[in-house]
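Undergrad: The structure that follows is given in the form of structure tokens.
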Amino acid sequence: MTPLSLVKLSPSSDTQSRRERFIERRKDGSQNKPIISLIVPVFNEQEVLKAFHHRVCSVSAGIKQCHIELVYIDDGSHDDSWQILQSLTHQFCDVRCLQLSRNFGKEAAVTAGLEHAKGDAVVLLDADLQDPPELLPEMIEAWQQGADVVNMKRASRQGESWFKVASAHAFYRLLNWVSDSPVAEDVGDFRLLSRNVVEAIKQLPERNRYMKGLMSWPGFKQITLEFERPERAAGTTKWNYFQLIKLALSGITSFSVKPLRFATWMGALVSLYAFIFAAWVMIKTLIFGEVVQGYPSMMLTILALGGVQLLAIGILGEYIARLFTEAKQRPIYLVMTEHYKPCHTAEQRHEV
């Protein structure tokens, strides 16, 4: 893993006040240390959970300036993930485990974690160890220097197929072109958010959630750090191409109306083409007396017009489907079970 280079921030009043709060908390004792919540969505991760938990505990033991809270969200796992999580609550005191009533998707699980985390800042991590916990000290240091969002960007996408790399690049280019709130390319969910950003996200009520966009939308002071993303420690990815396409459509329709305007302009261009073609047929027939062979041109025109109409209807349908979902106002997720074991002494907070 290449060393992570920390972006130096110029001091500001907010930075100074944040540092003063840290100093005061240290004077008062460890009970008043700032809390960093680690949010970990889990879905069928039984192969890697114990290894992940051990590495996080090892890293958190060395973070003396903060109190670490670990928030696991079991998103309707079908394996033994929940049983393992319940056992982990007895191995590390500051662990909160949420079991959702079914699989609501990663975006909903992340939302559940944000709404239940108690920290002054939160860090989103995947349980597959592709988001190295060893980078937590650098992320916390950047937050202490005044950053509200610490984005973790992949230095490269080695190990992925050329198709996935090209499609991901094309998606980010398209999303940032149509969206008013840019999303950093090659930045996944692995990032740190200050309490101000978390509270802003919690005010966003939409049910169709594209979390990368929602985490970028509030703004605030952001920095980006690069890291080499390792391969998955165990198991296989739970994402397939159909789910990625669905997520991409959700991201585009959630943050832009430009696809609707594109359909409007396509309709206008086709109408203009039809008018010009009709004028050309009339001139050629009435003035030059030539009979226009109509069947091939007519079929091409009908097919082109039908294709544009279906495209426009499809775009409109995507937005109507999301309006339908939003209008029902169903909860984003349902918590079936919650386990939490708080720590009671300063020494317990860093026991592994």
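Quick reminder: no glycine exception, Cβ is built from N, Cα and C everywhere.
From TrEMBL, here are the annotated features:
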REGION    1-26  region 'Disordered'
COMPBIAS  16-26  compositional bias 'Basic and acidic residues'
DOMAIN    37-200  domain 'Glycosyltransferase 2-like'
TRANSMEM  262-283  transmembrane segment
TRANSMEM  295-321  transmembrane segment
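Let's see these features in context: how buried, what's close, how far.
TA: For the transmembrane segment (295-321), the list of distant contacts is 249, 253, 257, 259-260, 262-263, 266-267, 270, 273-274, 277: same-chain residues at least six beyond its ends, Cβ to Cβ under 8 Å.
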Undergrad: Restricting attention to the domain 'Glycosyltransferase 2-like' (37-200), give the mean pLDDT.
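TA: The answer is 81, the mean pLDDT of the model over that range.
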